[in-house]
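For reference, the structure is listed below as structure tokens.
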Amino acid sequence: MTVRVSEGKRAERRLGWLLCAPAAIVMVAVTAYPILYSVWLSLQRFDLKFPDEREFVGLSNYITVLSNEYWWTAFGVTMLITVVSVAIELVLGMGLAVVMHRTLVGRGLVRTSALIPYGIVTVVAAFSWRYAWTPGTGYLANLFSDGAPLTERASSLAIIILAEIWKTTPFMALLLLAGLALVPDDLLKAASMDGATAWQRFVKVTLPVMKPAILVALLFRTLDAFRVFDNIYVLTAGANETSSVSMLAYNNLLRGLNLGIGSTMSVLIFISVAIMAFIFVKLFGTAAPGREEGRR
Amino acid sequence: MKLRWGLLDAVVVVFALLPVLWIVSLSFKTTATLTDGNLIPREWTLENYRTIFQTDQFVRALVNSIGIALISTTIAVVLGTMAAYAVARLDFPGKGALVGVSLLIAMFPQVSLVSPLFDIERQLGIFDTWLGLILPYITFSLPLAIYTLSAFFKQIPWDLEKAAKMDGATQAQAFRKVIAPLAAPGVFTSAILVFIFCWNDFLFAISLTSTERSRTVPAALSFFTGASQFEDPTGAISAAAVVITIPIILFVLFFQRRIVAGLTSGAVKG
């Protein structure tokens with residue numbers, strides 16, 4: 001009997017490995033190998049315009065990038081977009097989640113229309129915003145007396161953030177909605193009997209129950225916002241110092257054809273994201289997604 | 001009270017739809033009225049649509065987009081289903097590592113891969129081919145597929161599988177004959193989510209392609225010029241944008257409930 005059980009166990013293991021192997025191999029081959037390769041490239045002078053001058057230069061690319069003001073401007077822009085858009089999305093997303101949760105009138109309509117920004121191609125949405133804010137083709141440009149908002153830095157950044165918020169608030173709201181559904185109605189009713197106001201009920205009952213859902217939503221959106229590229233590419237193409245780090249890395253590669261510097265930026269972006277993820281996971285504790293014991 | 005919620009609903013709907021309606025409206029405007037700022041075109045025309053379907057640039061990109069998204073979706077969902085079944089049902093060492101790796105990849109900064117993949121794909125000769133885009137698409141949609149599917153698989157009544165095995169089916173047969181049909185709705189949902197991801201991608205599409213051979217619509221849009229170099233491409237871009245938005249709108253209209261369930265099950269309940 002024991003032999004048969006362990007035999008079955010072994011078969012189960014083998015099947016488990018067999019079923020996971022293709023997915024695991026593809027994921028590792030397309031991410032781990034290139035990122036290691038990019039560390040290797042980042043230690044070289046490697047410009048496709050001058051391939052003969054390729055040589056090992058140690059950390060000099062890192063010094064070049066980290067002492068370059070364009071890099072730090074782009075880094076600041078990326079952080080600004082990330083922090084501001086995620087903060088606003090959290091508030092709006094919470095509002096939208098409550099509307100989707102509570103509303104009885106036209107529930108399907110609200111959910112369907114909220115999903116459209118999520119599903120729509122980012123580039124398409126970006127073009128729509130670009131035309132909207134361009135004097136002539138737009139309906140929003142005339143809100144400002146001074147004309148072309150996409151030609152100035154502050155207003156361009158505001159529009160990029162607006163486009164990000166429009167696109168991703170629904171996703172945030174859906175994640176929060178799932179958390180909202182976990183809040184027991186009895187608890188809210190009891191609190192209300194004890195004389196808690198709607199706001200107190202929200203802060204004291206709803207928010208604590210939703211904490212894991214909020215953290216997951218924040219984690220995914222923060223790391224996602226840090227990668228901002230499509231909207232900037234279409235809206236400003238990085239003009240007037242509105243480049244994000246992704247934009248800068250892309251330009252270095254495809255406009256500059258400088259693989260060494262491009263790879264250095266890749267590695268630096270990877271490290272930044274890893275640090276942010278690490279901080280979030282520390283904050284999560286056991287509620288981190290993927291950790292079995294943290295789940296119900 | 002009811003009125004107030006209704007009002008809020010209206011705000012949400014307008015906020016969500018206005019940009020879409022604006023680009024639809026631009027796509028139906030004639031060149032002369034393009035800049036009039038009216039939401040409802042004063043002169044309707046199909047000229048913009050005729051233009052884009054006559055240019056090879058757009059038609060080719062549309063074929064690329066559809067082909068690449070469908071192939072990537074199929075492969076990602078097949079591999080994802082296998083892995084998710086193992087994660088949800090089997091006990092084996094390394095399961096935690098697989099879940100961890102997928103989570104890491106879900107958070108991976110895709111732009112970090114642009115430089116190295118550009119070089120690797122050039123050396124392998126798959127730069128500017130369908131395969132060159134399909135590979136990263138599969139990779140980045142696998143975590144989504146694995147999370148969504150394993151959440152679905154955990155809800156399936158597995159006693160049925162036991163019953164099948166009792167009747168003499170092997171584990172593999174039980175998977176194919178009993179569980180797969182039950183899991184079909186979950187598989188379908190994750191296929192929609194993966195398709196939307198591949199359909200939307202811009203970063204890889206623009207950095208790993210260089211010609212019409214494999215450029216997808218989002219990338220092609222940014223290179224659009226009008227029929228001649230001096231023509232304003234606004235109308236044509238809007239029309240092309242509307243065309244690639246149609247499948248998304250259809251998905252959302254018909255599968256709203258499933259998309260919501262899939263997105264949230266993947267991220268919250270794990």
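Every residue gets a Cβ built from N, Cα and C, even glycine.
All annotation found in TrEMBL is predicted automatically rather than curated by experts.
Look at TrEMBL and you will find B:7-28, B:66-85, B:97-118, B:130-153, B:174-197, B:236-255 tagged as transmembrane segment. Taken from TrEMBL, the feature domain 'ABC transmembrane type-1' covers B:62-255.
Of the candidate ranges B:66-85, B:97-118, B:130-153, B:174-197, B:174-197 contributes the most Cβ pairs within a distance under 8 Å of the transmembrane segment (B:236-255). The transmembrane segment (B:174-197) is not in contact with the transmembrane segment (B:7-28), judged by fewer than 3 CB-CB distances under 8 Å for residue pairs 6 or more apart in sequence. Most Cβ pairs under 8 A with the transmembrane segment (B:97-118) among the ranges B:7-28, B:66-85, B:130-153 are made by B:130-153. Long-range contacts of the transmembrane segment (B:7-28) within its own chain (CB-CB distance under 8 A, at least 6 residues past either end) are made by residues 34, 38-41, 44-46, 48-49, 234-235, 238-239, 241-242, 245. Non-local neighbours of the transmembrane segment (B:66-85) in the same chain are 98, 130, 133-134, 137-138, 141-142, 144-150, 152-153, 175, 179, 183, 187, 190-191, 194-195, 198-199, 214, 216; each lies 6+ residues outside the stretch with a CB under 8 Å from one of its CB atoms.
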